[in-house]
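Annotated features, as they stand in Swiss-Prot:
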type: DOMAIN; residues: 419-533; note: domain 'Toprim'
type: BINDING; residues: E425, D498; note: Mg(2+) 1 binding site
type: SITE; residues: K450; note: site 'Interaction with DNA'
type: SITE; residues: N453; note: site 'Interaction with DNA'
type: BINDING; residues: D498, D500; note: Mg(2+) 2 binding site
Amino acid sequence: MSPDQTAVEYTAKDIEVLDDLEAVRKRPGMYIGGVGVRGLHHLLWEVVDNAVDEALAGYCDTIKVSLHKDGSASVEDNGRGIPTEMHELGKSALEIVMTKLHAGGKFSKKVYRVSGGLHGVGVSVVNALSEWLEVWVKRNGKIYYQKYQRGSRSPEAGHRTEVLGETKEHGTTVRFKPDREIFETTEFKYEIVAQRLKELAYLNRGLKIILFDEREGKEETFHFEDGIIGLVRSLNRNRKPLHEPIYIETTKDGVSVEVAIQFTDSDVENIQAFANNINTSEGGSHVVGFRAGLTRAVNEYGKKHLKKFEPVTGVDIREGLTAVISVKVPEPQFEGQTKTKLTNSDVKTVVESAVYSGVLRWLEENPAQAETLLNKFILNKKAREAAKRAKELVKRKNELITTLPGKLADCSSKNPEERELFIVEGESAGGSAKQARDRRFQAILPIKGKIINVEKAGMARVLKNDEIKAIISAIGAGIGKDFDITKARYRRIIIMTDADVDGAHIRTLLLTFFYRYMRPLIESGYLYIAQPPLYQIKKGKKSYYAYSDEELKRTLEQVGGGEVQRYKGLGEMNPQQLWETTMNPENRILIQVTLEDAKRADELFSILMGEDVESRRNFIMAHSKEVKNLDI
């Protein structure tokens, strides 16, 4: 990443301004998607994306992200440094970038051919939504400095840029503290930051990203010379791969394509697709092109090398497939519920062509492994056709597979938009929930202690499990590739388990099941987790509830002590308490499950419940010190 520094000029005249910075503090959600945990971390991503863009342009190979004790975060890169010369608007280019919305060198594609970031609103929005922000630029042999408060320069600073000294280094450092007046929380989560930085390091081969948590004295370095090949290996670390990863790389018509493919003995399809470093969880043209190219290559090879070969479908081929698709597009277009579906039609053609020729070449060069894979695909086809015949036979015999489970206490409303289903752990708690609920719109489905471990069970075994069958028929929208979100009988599916280790285990099992077999529920925002209280505080005739240790401490201080009861199970609450604390829409706390939450649960479960004993041991050793409460 060290091209001739004079190859592309990056100066004040390259800074374009498309819009003024207005109303960001009044409507932050329009710019960063919300003021919760996701919006908070989006501030950090905006600054990180700028540094990664320097890496994509070839001028930066190291980025350091620090989470500081005072609640601020900083991002340091060794790129060219933001220009500091005077701009035609009468201010320094650095101040323009920091105070004007959509100002920067990314819009003409002259300075940056490709840039990342979903919203791409720029560091000015970070500035506007921070209590304070500092920026240091090492450029032209000098160190430049500016400081802002809630997006504005202090009156004494005017429009001046301070020069702190001389240097032979180059790059930009931005440090900011999110504004408590704007955000619901201002605490950066190490796990969220680490996951995103690790992902970026995989997607940008050779880029070194250092994460330092000053609060805990913890540091990690993410640096992967094998790029997305390493990501595929990591995704398959708890599964049995059938061959070494297939790697395809090409650039055509300005679109760069990288694909890594590896088949495993699992029956789960896992395709992760990215466009300009954005995780396109809703898929798009690059995924469509990938699937088409893969299917075409396999069928062409099979027709050429096997007698009496009958074409297999994409569904037959992709069972057990792990793939990472990464495209870099000059003008990406996104749509979909979360704006994470790529729609550029030209990308489909480029990806399909690259995957078709790359996979076909690999099959020709590896005949033994090709035969193993083809036999797997043919077996998958036979199993699919047999399952289809069995399904039709069941229908003909008029055995209604859509019959609602006997233990479901359904609600009276016929409108799916207002109906909600509580999946409750245990018959006892299920009984309390049935008494507590509002029968008009709340349905209760009690499930036994442990549902099946979907990590070790294939689709056939999953469908034989009574608890899973009850969940599938209650929701009424099918499963796997036949899942149809429009047929879901409820707008909210709420997981309600005990606040102990067993409850967490069952919750993780359910999240993994929904992620693997009913993912559209999560993508559409239908899945929630109930938050029952951990404590009841009795003071005289009054009862108070606390949902965390911090809230318990705060409540005890406010009411002046009291009798504390810790709830280990939902069954310890009577129906009235359960309604007041956990089920009443007026009072309850629900956590909406995101795709990232479910993905983390799935990865955690692969480690803890998979076949790889070594990974499980390493995970337990690494996290044993974090255990605070054990219900023994």
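Here the Cβ of each residue, glycine as well, is placed from N, Cα and C on the backbone.
Keep in mind it's a predicted model, so treat the numbers as computed, not measured.
Of all Cβ atoms in the shown protein chains, 16 besides its own fall within 10 Å of the Cβ of D500 (Mg(2+) 2 binding site). E425 (Mg(2+) 1 binding site) counts 27 other C-beta atoms within 10 Å of its own C-beta, drawing on all protein chains shown. All protein chains included, D498 (Mg(2+) 1 binding site) registers 23 other Cβ atoms within 10 Å of its own Cβ. Confidence in the domain 'Toprim' (419-533), given as mean pLDDT, stands at 85.
Between the C-alpha atoms of E425 (Mg(2+) 1 binding site) and D500 (Mg(2+) 2 binding site), the distance comes to 12 Å. A strand conformation is recorded for E425 (Mg(2+) 1 binding site) in the three-state DSSP classification. Residues in the domain 'Toprim' (419-533) partition by DSSP class (helix H, G, I; strand E, B; coil) as 54 helix, 21 strand, 40 coil.
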